[in-house]
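Peer 1: Just lifted these from TrEMBL, have a look:
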ACT_SITE  78  active site, nucleophile
ACT_SITE  164  active site
ACT_SITE  166  active site
DOMAIN    190-382  domain 'GMPS ATP-PPase'
BINDING   217, 218, 219, 220, 221, 222, 223  ATP binding site
Ligand code: XMP
């Protein structure tokens, strides 16, 4: 396994992804990680990530230099390389020219780390660069602005690169990571099948004969977590699904079919549709809606979980990015785990321990795991769906009538998106119902009905998003079907705003 020390780079999760793509397991730890914890991990190599600090800043992050005495290869990336050079007595200086963007790498030494590489483009993002190399280190490559774009200390197997091999823009980046893993002699046996097997054993050991309760949201993460835990402990797991009536058409039914009937899991369905509707009656403010929906969910979930006698664990579908992001910057070794936004706090008297079997996985790995565990493409490729559901896609007051209208229109869009084969390509695609009526004409009759909006976006992480350039013919088909098939809508608009400055959801 590979240990990645996180010096705060925005790319550090990408480093982890690249390592895992080569079937090697890795973990990310803050620089404050103790030497004992590192030894316990038994890493075969260490990668020092980049970061925003300058090595000469007063509080620049540093990891215990004992890592260089463990007899294992180390690869420093950007700040990580500067830290290594500084530790061994070399010097770093502010570059005259800040280098940001593409650069051409001129390789001088085509061995070990750069074995089999061509001179090609790499991605730079740095203000500081290496001035003098410490004794034993040799430069391996340069670029027009950076004399030491890469260096190594061959006897010790220490390597440094000023550019970022983990980003797509570095053409030979994958090969560099692959070469480093070969130098570390890593066993390449990290697969989802092996992860599933080991995790199931772990869960069995941790839980023993006790009971686990888990809140199902209908999303990918909680479903995969539930199936995994169920494989380990069977009926000792009870899932709770609160039907708030704000899910897409047929979602609750599908979930019931797949998990209860096909997988024979023990699920308590709580029909809370009426309670949510009456709590939301007359409410139009988006944040108030969110609060009401969130609080009521917690209340109902807690009451239901409280009925499960002897529950000792709360299962959650927390993912690795949540774990990493919830650590304080350069914080201590004990990570604070953020609780999943779809599952609220439980009564303290229940004193449940967290069971988070996906906490070392990235989203795409969870999808592969889901498939490995026998879930369908439909289950594992779900687009993200917000906790407050359709509640924030009905602008203005939420009524049963409006909910039904939106569900029908949204189902038509979803059906057409899937038929067009673009469901997986779109980050999200859904319909928003506006509290605006417009005049239309149908046959010989005047109509005065609601307007809905189609929203479809491309995105990698929801932080930014671009409106999808859907074909006009496709939009025409959806619009015509919605207006003809859904009573209550006589006008369809298409949202052509990107995030920022708009957001993905309308509320
Ligand atoms: P925005 O609208 O802020 O959405 O661009 C970004 C992503 O977050 C989802 N979203 C939510 N998810 N509770 C959630 O669990 C919420 O209140 C919420 N609001 C937005 C949204 O669907 C998108 O994926």
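Including glycine, each Cβ sits where the backbone N, Cα and C put it.
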Peer 1: Can you figure out which of 78, 164, 166 (the active-site residues) comes closest in space to residue 219 (ATP binding site), comparing Cα atoms?
Peer 2: 166
Peer 1: Hey, of the binding-site residues listed (222, 223), which one tops the CB count within 10 A?
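Peer 2: Buried the deepest by this measure is 223.
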Peer 1: Would you count the other CB atoms within 10 A of the CB of residue 164 (active site), including those on all shown protein chains?
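Peer 2: Within a 10 Å radius of the Cβ of residue 164 (active site) lie 24 other Cβ atoms.
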Peer 1: Whole-number Å only: compute the distance from the Cα of residue 221 (ATP binding site) to the Cα of residue 78 (active site, nucleophile).
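Peer 2: Computed Cα spacing between residue 221 (ATP binding site) and residue 78 (active site, nucleophile) is 33 Å.
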Peer 1: So what's the mean pLDDT when you look at the domain 'GMPS ATP-PPase' (190-382)?
Peer 2: 86
Peer 1: Nearest to residue 166 (active site) by Cα, among 78, 217, 218, 222, 223 (recorded positions)?
Peer 2: 78
Peer 1: Out of the recorded positions 78, 217, 220, 223, give me the one sitting nearest to residue 164 (active site) by CA distance.
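Peer 2: Nearest in space to residue 164 (active site), counting only the recorded positions, is 78.
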Peer 1: If you count CB neighbours within 10 Å, which one among the recorded positions 166, 221 has the smallest count?
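Peer 2: Result for the recorded positions 166, 221: minimum number of other Cβ atoms within 10 Å at 221.
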